[in-house]
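K.L.:
Here you go, one structure.
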């Protein structure tokens, strides 16, 4: 038995050693024909590699970029950003495989912004462009680039790389993930090759900072719009039915909603900060719902100051305004939390946990709704049996 286990473990270990995903390295990659590239970088994110050579005399950079797409049938991209360190403004080469012919090809993208991913001519010359598919679905991009004079004089260029899930029928690439490896797929490329094997990252700290802010943004807004506001609404609807809870229910309701508003404003401000630091990245529906939530919730805060007496002639209209705004916040808040979760793309545990919280609150709501109607009907029955004396 022990001998069998040893043989099995040895087989598994050997299989791992020869597995392409594990053994892939700069030295293990070969190219057809007489092509050779003296410099190679094992890029730190997305399992990507860059082989290159640079002719300083004519400022020509020859590159081979390889990476596995995030999903079968997906795309890979390598780019130079002449003026910044992120994807916006990059001059990109994007490789994908045609779903019908199975042939890999390269498209050039002048990425003005993240919302404008339309094929177009690059700001510098590029030629000898082609794409190949390796084993296990990995794609390669071959190209020669005329490095702009100012970048050549500096001896370094800002490179950006990325992988995505697929290409739509009209040729537009589908958005990539916004996980940490994707956000950190930027850096500086030393044209001389002096840092071959040593990668100079230009986005690790900034990327991690953005991830941290995004997580804070998500937590604040999930707690505020997605949990506390619904709880506050439940307090107002179901505590007030008990005569002994008046006026305590009102102060508990106001305290809960005001806390939710303060936390929500903090989350909203974090979102504005993220937007200002992520030029070109837009999640329009998520942003617009967030703005609407902030506006409606701010009006709700004014409702506390403008609340008329119960016997006031304007109380009926105030109730419509207050209840309508409250239910709008409930619906939009929960919708936007799910939109935010789809953007953050966290582990399924977080989404499952929020669904469990909402399901629990929904179950409690149904129970309290039933109890409320029972109490109301009993009171009506008692009042009808004992009419007030004249």
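Our numbering is plain: 1 for the first residue shown, then up by one each step along the chain.
Any Cβ shown, glycine's included, is placed from N, Cα and C.
Predicted automatically and left uncurated, TrEMBL annotations should be read as such.
These figures come from a predicted structure and were not determined experimentally.
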K.L.:
In TrEMBL, which of 185-208, 353-376 is tagged transmembrane segment?
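P.N.:
It is 353-376 that TrEMBL describes as transmembrane segment.
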K.L.:
Identify, in sequence order, the residues in the chain of residue 322 (heme b binding site) that are 6 or more apart from it along the sequence and have a CB within less than 8 Å of its CB; answer 'none' if there are none.
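P.N.:
Once residues fewer than 6 apart are set aside, residue 322 (heme b binding site) is near 300, 303, 307.
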K.L.:
Can we call the transmembrane segment (353-376) and the transmembrane segment (218-236) in contact, meaning three or more C-beta pairs below 8 angstroms at a sequence separation of 6+?
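P.N.:
As far as Cβ distances go (cut-off 8 Å, pairs 6 or more apart), the transmembrane segment (353-376) and the transmembrane segment (218-236) touch.
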K.L.:
With DSSP, how much of the domain 'DOMON' (46-164) is helix, how much strand and how much coil, in residues?
P.N.:
9 helix, 64 strand, 46 coil
K.L.:
Among 217, 253, 286, the binding-site residues in question, whose Cβ has the most other Cβ atoms within 10 Å in this structure?
P.N.:
217
K.L.:
Please work out the mean pLDDT for the residues of the domain 'Cytochrome b561' (180-377).
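P.N.:
So the average pLDDT across the domain 'Cytochrome b561' (180-377) works out to 84.
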